[in-house]
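Listed in TrEMBL for this protein:
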ACT_SITE  E126  active site, proton donor
BINDING   C12, C96, C198  [4Fe-4S] cluster binding site
BINDING   H40, H73, H124, T168, S226, S227, N228, S270  (2E)-4-hydroxy-3-methylbut-2-enyl diphosphate binding site
BINDING   H40, H73, H124, S226, S227, N228, S270  dimethylallyl diphosphate binding site
BINDING   H40, H73, H124, S226, S227, N228, S270  isopentenyl diphosphate binding site
Amino acid sequence: MKIFLANPRGFCAGVRRAIDYVNFALDLRHPVYVKHEIVHNTHVVEDFRNRGVTFVEDISDIPDRSVLVFSAHGVSKSIFLEAKNRDFSSVLDATCPLVKKIHHRIHRASRNSQDVILIGDPKHPEVQGTLGQYEENNGSEIHVVNSLHEIDRLKIRNTENLIFSMQTTLWMDSTKKIVQKLFSKFPKILGPSSEEICYATRNRQEALRNLSERSDIILVVGSKNSSNSNSLLQLSNGLGVRSYLIDSVEDIENISFDQLSSVGLTAGASTPSSAISEIIKRLKVVGFDEVQEIPTSVEERTIFRSPRFRF
């Protein structure tokens, strides 16, 4: 029985960069605090907790002379300013550079009095951070939509001067339908440039389509609060393959592999290779003794530098 491995899978450049920031922070020999989870993965977060990192939702809970790291999801301008006015030893911004590009575009739109439609989950920290880049100007507004029916309720002040952007980790098929409806309702709306589209989200979803063609069952390795992992699960279910979100080997115990000849394995962009390896080991115990990497035409060469930014 075979294990097929999606390619690419697991960590993206933005996640690696964020983890580098926390490792760098630990070398500064001050207490280290991270605003929110650095990335949405229980293994990564628990590893850092064991090494002394504290994760908080409110930076007012952080004592002076500590090191503060902003998570890969980004934060609002108001939180950034609050941190700057505190007596922290260092403040390190681990926001994904692709998210930063979205931040800059949203801020420019607010300065130009453009209305903005942001596609995403309003409860997700990335969306909250992006919303916090917008400053209402001359009656302009930013609106969040997460479904088709929400578009019908939108009241846009100036449809001639309108842009949209989107959360980087969404299921692209679902987002495509929302985008199509936006263009239908607002013909002059301007979308994001190709530089703002998350390559990792796109590549992992395309790899999953390839994986689904040869797998009897698909396991998505990732945490339950990981948006990109859940998007992979949604896509896999939509492709008609029995699929499960797996955070650890314990999650496999109640899954039946009877009469299956192949299992497909992929992982969200915040999932470490160690977690994937543990799942493979367990599948071998179950009887899947052959591991095959699926060839890909996409080679991810993106590397984000980790500048030692602090104030």
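Just so you know, the numbers here start at 1 and follow the chain as drawn.
Cβ atoms here come from the backbone N, Cα and C positions, even for glycine.
Everything TrEMBL records as a feature, shown here on the structure.
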residue: C12; record: [4Fe-4S] cluster binding site; Cβ contacts under 8 Å, 6 or more apart: C198, Y199, A200, A269, E300, T302
residue: H40; record: (2E)-4-hydroxy-3-methylbut-2-enyl diphosphate binding site; Cβ contacts under 8 Å, 6 or more apart: S223, N225, S226, S227, S229, S270
residue: H73; record: (2E)-4-hydroxy-3-methylbut-2-enyl diphosphate binding site; Cβ contacts under 8 Å, 6 or more apart: H36, T95, C96, V99, H124, P125, E126, G129
residue: T168; record: (2E)-4-hydroxy-3-methylbut-2-enyl diphosphate binding site; Cβ contacts under 8 Å, 6 or more apart: C96, L98, V99, I102, E126, C198, T201
residue: N228; record: (2E)-4-hydroxy-3-methylbut-2-enyl diphosphate binding site; Cβ contacts under 8 Å, 6 or more apart: T169, A200, T201, R204, G222, G268, A269, S270
Reduced DSSP assignment, S227 ((2E)-4-hydroxy-3-methylbut-2-enyl diphosphate binding site):
helix
Top of the binding-site residues C96, C198 by count of other CB atoms within 10 A is C96
Pairwise Cα distance maximum in Å, (2E)-4-hydroxy-3-methylbut-2-enyl diphosphate-binding residues per record: H40, H73, H124, T168, S226, S227, N228, S270
15
Among the recorded positions H124, E126, S226, S227, S270, whose Cβ has the fewest other Cβ atoms within 10 Å?
H124
Not counting H40, H73, H124, S226, S227, N228, S270, residues with a CB within 8 A of the CB centroid of the dimethylallyl diphosphate site are V39, E126, T169, N225, S229, G268, A269
